[in-house]
């Protein structure tokens, strides 16, 4: 369910905000246009939001500033603690994309950034099925995450990272479950979503999926 990577995020939590602001050279291109990525997710979401993978609360803060009501889900204790310090009073629950507490309000948007790739392709499909069950009619799933158009494109980025001496990035791309866009598209369409993709940098795409009937 993506929880096999929790230890990585427990260690990364104190430095995560440095990474997203470009202070970590290995991840500079991954987080390129970070503010625009967050803004794109906020602008395409509706009013009652369920956010998976809250992390240190950067997207959550923008959602709240836009006047949205947010329930956050985050499996990392260290990340939750940082987010709660940033955003006192916000509801951030222990959980993941598949296992999370019973919700206390109707949900018309499910959002996430830099987290969906922690699920295997099979788990992604299971999560998408649950998204359809949770969302109100015409609700939206809006994710920003690393994915690739082809397996070759993914391998090219791994090879480039190694050539640049970015060992941690190369190992990250090999270890975690960064998907191919066609696989994600097929999963959303299987569960009756209309889905589109928008590229934001060399790694990250925005997924916008609207629940149909």
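Placement of Cβ uses the backbone N, Cα and C atoms for every residue, glycine included.
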Taking Swiss-Prot at its word that 53, 96 bind S-adenosyl-L-methionine, choose the one of 32, 40, 74, 81 listed for that site. 74
Which one is it: of the binding-site residues 74, 96, which Cβ has the fewest other Cβ atoms within 10 Å in this structure? 96
Taking the Cβ of residue 53 (S-adenosyl-L-methionine binding site) as the reference point, list residues of the same chain whose Cβ is under 8 angstroms away and which are at least six residues distant in sequence. 73, 74, 97, 112, 113, 114, 115, 116, 118
